[in-house]
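Novice: One structure is given below, represented as structure tokens, and several questions about it will come after.
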Amino acid sequence: MLGSRVLSSVLKRNRQSAICNIGRKLPHFSRQHFKELPTSPSRSFFHAFRSLPKGHNVGSMRNSSTVASVGLESKEGVKLLVTAGPHARKMVGIWLFGSAAWVFSMVILGGVTRLTRSGLSMTDWKFTGQLPPLSDEEWSKEFEKYKQSPEYKRVNKGMSLDDFKFIYWMEYGHRMWGRALGLMFAVPFSYFLRKGYITVQLGLRLSGLFALGAGQGMIGWWMVKSGLEEPASEYAEPRVSPYRLAAHLTSAFAIYTGLFWTALSVVMPEPPAESVTWVRGAAKVKRLALPVGLIVGITAVSGAFVAGNDAGRAFNTFPKMGETWIPDGIFEMKPLIRNFFENTATVQLDHRILATTTLASISALWWFTRKVDLHPAVRSLIGSTVGMTLLQVSLGISTLLSYVPVSLGTAHQAGALTLLTLMMLLNHTVRKPSLPLLKSLPQVAKPLF
């Protein structure tokens, strides 16, 4: 409902702009003709071309779409990332949204892999991938490799072959799902480049995201490798470095946000703006939405350190941490900075404080904008963000009190990415419109009924 409201507003404005631009290009065709056209885009263009005087040469519909796009880019000051017409923008947008959704699923699958302690089951890595064990002999060989790892010796000693197969398939699926994403991204990218749909600016941006995605596999192995090393203490459980896990998760979040923001920019080159009053209201929201979005992102990254230190399985009480509000020993490590990334008590306390700050800041965003005159889509987005924040905080508390079950832990990680998505959508929707569009807007939006 929310997405359709935003898109319908943008499509309506783009349709009117395209028709007016074509009118400027066509002699002997007055603008009054365009005012009398039906509202359907396809019927509008058909009626326009059928009404032309005889002898007037008109290119194909594809050329007309391109003219409209160029008109938007040059005459109205809108910098389109895809300039080959509405159909091209739609196709590229679907591809980018699909790629972002795939990355989202990768983050969720990675969370399940970590929570089921499957990430250290494969003790080697090849950039091009490899076939899974297909015979009993190959399975026995892989199992013997795993038996040499610190995790088997200290945590899973005596594990059966069937149990090993489960964690192996989890890690193997996670790796191959990432490689499939690379293929799913590269093939359409090459096709759209060949068709000329993608501008230089968009091409450079997507190339950077593709390179980051290719490096993500190496970051993942760099992370896993740290968990295959012997722990410093004989009593410590082997686990991956919290710094490397945070780098891996933050990189995944960066790829996702880059893809999602770019997809929004392709399909919505202009924000929904139907009056100057609503634009002014959006500007007020933007001043608050950007810092709030940064807080949401920092809170999500702090969750990676909670996962890396297994801090969710300590202090499983709320609102206090054990018997106190602030546990002992939060600054016992030297140098002091290490406590914020390696000390279990400090890391969890930080995450609690940041989560509370996120809830307070998003609530403040809603409170200070509740009387501002806003576009209905912006108003709905703010309400949805508040609701998602309350759900995410509830999931976090439930996960902690339940000692981090796989289901709740996975839902909490998905909730963090969903909340970040809503903040990106809000910040994208309250962007400043182009100057020509701003000049063409009425002071107050016309009533819908």
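A Cβ is built for glycine as well, from the same backbone N, Cα and C atoms used for every other residue.
Quick caveat, the model's predicted, so the values are computed rather than measured.
The feature transmembrane segment is assigned by TrEMBL to 92-112, 176-194, 206-224, 244-267, 288-308, 351-369, 381-404, 410-430.
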Novice: Could you give the residue numbers and ranges of same-chain residues that sit at least 6 residues beyond the transmembrane segment (206-224) on either side and whose C-beta is under 8 angstroms from one of its C-beta atoms?
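Specialist: Cβ under 8 Å, 6 or more out: 119-120, 122, 125, 127, 175, 178-179, 181-182, 185-186, 189, 198, 240-241, 244-245, 247-248, 251-252, 254-255, 258-259, 262.
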Novice: Let me spell it out: take the transmembrane segment (176-194), skip the flanking residues so only those 6+ beyond its ends count, and list any with a Cβ under 8 Å from a Cβ in it.
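Specialist: The answer is 88, 91-92, 95, 98-99, 102-103, 105-106, 109, 129, 203, 206, 210, 213-214, 216-217, 220.
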Novice: Which residues, given as numbers and ranges, are at least 6 beyond the ends of the transmembrane segment (381-404) yet have a Cβ under 8 Å from it?
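Specialist: Counting only partners 6 or more residues beyond its ends, the transmembrane segment (381-404) has Cβ contacts under 8 Å with 2, 115, 285, 312-313, 315-318, 355, 358-359, 362-363, 365-366, 369, 374, 411-412, 415-416, 418-419, 422-423, 425-426, 429.
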Novice: Return the stretch with the most CB pairs under 8 A relative to the transmembrane segment (351-369), choosing among 92-112, 244-267, 288-308, 410-430.
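Specialist: By the under-8 Å Cβ criterion, the transmembrane segment (351-369) pairs most with 288-308.
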Novice: I'm a bit unsure how to read this: which one of 92-112, 244-267, 288-308 has the highest number of Cβ pairs shorter than 8 Å with the transmembrane segment (410-430)?
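Specialist: Most contacts with the transmembrane segment (410-430): 288-308.
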